[in-house]
Amino acid sequence: MAIAEEEAALIEDSVSDSVDHRGLPAGKSSTGGWRSAWYIIGVEVGERFAYFGIGSNLITYLTGPLGQSTATAAVNVNTWSGTASILPVLGAFIADAYLGRYRTIVVASLIYILGLGLLTLSSILILMGLSEQRQHNRNASAKPFFWVNILFFCSLYLVAIGQGGHKPCVQAFGADQFDVGDPKERISRGSFFNWWFLSLSAGITLSIIVVVYVQDNVNWALGFGIPCLFMVMALALFLFGRKTYRYPRGDREGKNNAFARIGRVFLVAFKNRKLKLTHSGQLEVGSYKKCKGQLEFLAKALLPGEGGVEPCSSRDVEDAMALVRLIPIWITSVVSTIPYAQYATFFTKQGVTVDRKILPGFEIPPASFQALIGLSIFISVPTYERVFLPLARLITKKPSGITMLQRIGAGMVLSSLNMVVAALVEMKRLETAKEHGLVDRPDATIPMSIWWFVPQYLLLGMIDVFSLVGTQEFFYDQVPTELRSIGLALSLSAMGLASFLSGFLITVINWATGKNGGDSWFNTNLNRAHVDYFYWLLAAFTAIGFLAFLLLSRLYVYRRVDQV
């Protein structure tokens with residue numbers, strides 16, 4: 001009798017579909033929750049410190065030691081950041097289908113550290129090579145050797161590969177530490193996404209302030225070496241918390257591949273495409289009602305096919321439908337995210353041309369102004385949690401305050417507004433350069449304070465809190481349970497594709513406006529460029545994307561995760 005009561009208590013204390021580090025059912029009191037989540041948040045702080053230590057000032061390195069033009073450097077930055085944001089789809093696939101999130105994080109971290117180490121080595125070789133060239137040839141415009149360039153870009157893309165495996169799995173693994181079947185832990189999981197973003201913003205801000213200063217005022221080798229050290233510390237912290245984690249059962253034991261299950265739905269539906277979907281006793285009543293009228297092509301996978309084709313289960317069909325419904329939302333997210341790619345490229349290059357003195361005798365590096373994004377997030381997240389959400393709950397009578405799609409939509413509006421503000425500030429900068437006769441003096445400092453750029457950086461932080469966090473929570477919540485790494489990867493891939501599109505737009509516009517001897521919108525001399533026209537174009541794109549998003553969000557049917 002006592003044994004039976006002990007077993008019942010153990011079952012009541014355990015978390016369904018999760019095990020501990022020994023492979024036993026995960027206990028609520030001994031694993032998971034905020035205790036484990038803070039280890040994982042700490043890991044992400046270190047990783048974001050490393051990533052932004054490289055990415056935030058990359059355009060300065062490309063146009064400086066590597067000697068690239070502004071347009072070429074902007075395209076290279078967008079291509080790299082786009083690749084780094086697309087690769088999480090592959091990393092999530094490997095995690096969800098084969099390795100599991102924990103093992104994928106460890107392997108990806110090792111690749112990440114290798115890339116950062118080689119990046120540091122390449123920067124040492126580049127700086128040594130440039131120094132030797134200038135001593136022997138007295139050529140101030142010397143460029144690094146080709147093979148050293150190759151090493152630099154290979155190491156840079158190794159970092160992207162490491163980030164591709166690390167990024168979607170760490171956040172999903174953190175969210176896995178909360179049991180959605182427990183009402184209190186479900187609320188905590190919602191807060192996790194907000195505090196996750198606030199904490200990693202601390203890592204980003206610290207990186208932008210410290211690492212960028214070292215890169216601009218000490219040397220690039222040390223500026224790349226510090227992020228490598230932080231990534232080593234992040235991996236050590238992650239391994240230290242191993243015994244406290246809850247592991248999804250798929251990470252510790254074999255199970256049906258979710259990709260195979262859902263892929264089979266599309267295959268069977270295609271084979272049954274000529275069959276008529278009618279309730280003739282072949283379908284269960286519940287399955288028929290759920291599928292009737294929405295994506296009926298996939299619902300045909302529920303029918304027994306010719307030649308003895310086994311029908312798919314209603315759960316598999318519903319999971320496939322959930323993924324398909326996400327595609328239109330994902331596409332509009334891509335369009336509205338294009339403006340986000342500009343802060344690490346043109347915002348930074350514009351900052352080089354203006355007065356950057358913020359204190360007597362102290363001139364802030366232009367890339368360090370990105371720290372204002374983190375400051376905005378520090379203010380916006382607590383305001384969102386403690387002020388905005390309670391007011392929204394009073395008005396809407398919903399526990400969540402606003403829906404995830406409403407949160408994303410608010411971010412889209414702010415994104416369009418941000419491009420309008422950026423365009424107006426750039427018009428002011430060009431006008432000031434013209435008034436003081438500095439149009440043909442690109443190296444001269446325009447008598448305009450860098451504080452003019454504050455609003456567009458603060459708006460970027462607010463966009464993150466609404467659009468980026470909302471998108472991550474939405475895709476994590478709405479994909480099938482076994483594919484949550486893929487869900488987060490989809491939100492990241494929207495940013496990646498947006499970076500590629502931004503690079504493509506820059507290439508096309510640079511060619512179209514710069515041919516026949518004209519001044520390109522992205523002229524290396526920014527005083528003769530028209531980046532403001534580009535910002536107006538992006539504001540229009542984002543507004544159109546928001547209108548499409550409004551229509552699609554009204555048609556979207558939320559997937560009830562708590563019932564799956």
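Cβ atoms here come from the backbone N, Cα and C positions, even for glycine.
Now, the feature entries from Swiss-Prot:
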TRANSMEM  49-69  transmembrane segment
TRANSMEM  80-100  transmembrane segment
MOD_RES   Thr104  phosphothreonine
TRANSMEM  110-130  transmembrane segment
TRANSMEM  145-165  transmembrane segment
TRANSMEM  192-212  transmembrane segment
TRANSMEM  220-240  transmembrane segment
TRANSMEM  327-347  transmembrane segment
TRANSMEM  358-378  transmembrane segment
TRANSMEM  408-428  transmembrane segment
TRANSMEM  450-470  transmembrane segment
TRANSMEM  486-506  transmembrane segment
TRANSMEM  533-553  transmembrane segment
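In this chain, the transmembrane segment (486-506) does not touch the transmembrane segment (358-378); fewer than three CB pairs sit within less than 8 A of each other, excluding pairs fewer than 6 residues apart.
A contact between the transmembrane segment (450-470) and the transmembrane segment (80-100) is absent, since fewer than 3 of their C-beta pairs, 6 or more residues apart, lie under 8 Å. Put simply, of 49-69, 192-212, 327-347, the stretch with the most CB pairs closer than 8 A to the transmembrane segment (110-130) is 49-69. Here the transmembrane segment (192-212) has long-range neighbours at 37, 41-42, 44-50, 52-53, 56-57, 171, 174-175, 178, 223, 226-227, 365, 367-368, 370-371, 373-375, 377-378, 381-382, 384-385, 461, 464-465, 468-469, 472-473, 476, meaning same-chain residues at least 6 beyond its ends whose C-beta is under 8 angstroms from one of its own. Sequence-distant neighbours of the transmembrane segment (486-506) (same chain, 6+ residues past either end, Cβ-Cβ under 8 Å): 71, 74-75, 78-79, 81-89, 91-93, 96, 167-168, 171-172, 326, 330, 333-335, 337-338, 340-342, 468, 471-472, 474-479, 522, 534, 537. Packing against the transmembrane segment (220-240) from elsewhere in the chain are residues 39-40, 42-47, 49-51, 53-54, 57, 61, 65, 105-106, 109-110, 112-113, 116-117, 119-120, 123-124, 126-127, 207, 210-212, 214: each is 6 or more residues past its ends and has a CB under 8 Å from a CB in it.
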